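Asker: A single structure is presented below for examination.
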Amino acid sequence: MAKLAKKRNEDPNKYLIGIGQEKMAVIPPTQDAVTLAANAADTILTEEDKEKIDLVLVATESGVDNSKSSAAYVSELLGLKHNIRTLELKQACYAATAGIQLAKGHISLNPHKKALVIGTDIARYGLKTPGEPTQGGGAVAMVISADPAVLALEDASSYYAKDIMDFWRPLSQTEAMVDGKYSANVYLEFFEQVFHDFQEQTGLTLRDFTALLFHLPYTKQGLKALRLAVENIDPTQATKYFNEFEASRKYNKLTGNLYTGSLYLSLLSLLENSDNLQAGDRLGLFSYGSGAQGEFFSGILQENYRQHLTNKTTSLLNKRQEVSVAEYEKLFNSVLTNEKNRTLDTTSDPATYVLTGIKDFKRQYQKK
Ligand code: CAA
């Protein structure tokens, strides 16, 4: 980000501190929302999961087709059974949360089944735009079951929706349009609204939470929301929440915005980087999707949750190869769009699932 800032004639500290981002994931043209999703899920699914999954919800605002769902491609690539439901969900960065809540309802009715929920996106605002330093990409996959290994979702949830134009992407566009400052303010308004409502509804207060997690379009945005949440408590008590926040933004600082996956990468970051968490702790999660939808909900950390963490995220992120600003711009401009035919060279893409091109408008995927 510091190198990008220099090329854009900005002070590096604007990106590093003002925006709160150290690195930005640059997604090669051989990856799209489908392959990112399949690669994420492939690393966590056991044979037992594959046997029990009968619902696959892929949340994305980077979908590759206006009709066919990414979940149809992903389920086939992962070798899941055919007697399942597959669906793509869209409501900007919020949709993975909708997926979790819908999956929770499905599992309540069918406790012997499991559901796979994936948030997968590539955040694109355009070269040399104010949104550029808040780009990024990636996917997070989660299994929802009646016997959770990591986090047990609690019943209460507070949600709020309003038709506004803070961020959107017309069907013909490959880059998002955004009213940046407005979007940042609406995000905070929605947070205050649902966090307040959640406390009214449940009788819980901030003290009942060990940490608060946020959708992180860029990590400074979550910091601003946390400051609002702790403004009426003793500063020494607030320190604990800021410390957990640092653990929760570690990975997001290194990837940029994952859109639908952002909140859940932050959850993973907290779980893998905080030394203070214990089984029984309550975590509060704030999900925000422009347009706009907000939701605040909570979960309880499960006994032995640490045993279920792979702790591979840092090595995965460290394996990435740095590209120069010129290379990044070239990659940015070579994304597959509305072409009929094109073959992509996948030799330098180390991922298991890759996009090899498009034939007669049909995307071609391969498991390496
Ligand atoms: N050292 C330290 N800090 C510096 C600095 C320096 N040298 N120079 C500037 N800064 C600070 C500024 O003071 C500012 O801090 P505050 O926000 O605390 O005031 C911060 O850096 C950013 O500076 P600007 O406001 O001048 O930056 P900008 O106008 O160029 O753009 C942005 C910032 C509006 C966030 C823009 O990047 C953008 O539009 N991003 C995309 C929209 C977005 O992510 N919105 C978030 C809410 S919407 C959502 O959450 C859904 C989603 O995922 C998109």
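Positions of Cβ are set from backbone N, Cα and C atoms, glycine also.
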Asker: Say TrEMBL lists ASP11, TYR125, LYS224 as binding (3S)-3-hydroxy-3-methylglutaryl-CoA: which of ASN39, ASN83, ASN252, ASN257 is in the same site, per that record?
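Answerer: Answer, per TrEMBL ((3S)-3-hydroxy-3-methylglutaryl-CoA site with ASP11, TYR125, LYS224), from ASN39, ASN83, ASN252, ASN257: ASN257.
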Asker: Using Cα coordinates, what distance in whole Å links ASP11 ((3S)-3-hydroxy-3-methylglutaryl-CoA binding site) and HIS215 (active site, proton donor/acceptor)?
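Answerer: About 26 Å separate the Cα atoms of these two residues.
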Asker: Rounded to an integer, what is the Cα-Cα distance in Å between LYS224 ((3S)-3-hydroxy-3-methylglutaryl-CoA binding site) and CYS93 (active site, acyl-thioester intermediate)?
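Answerer: Spelling it out, the Cα of LYS224 ((3S)-3-hydroxy-3-methylglutaryl-CoA binding site) and the Cα of CYS93 (active site, acyl-thioester intermediate) are 18 Å apart.
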Asker: Count the other Cβ atoms sitting within 10 Å of the Cβ of TYR125 ((3S)-3-hydroxy-3-methylglutaryl-CoA binding site), across every protein chain shown.
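Answerer: Excluding its own Cβ, the number within 10 Å is 20.
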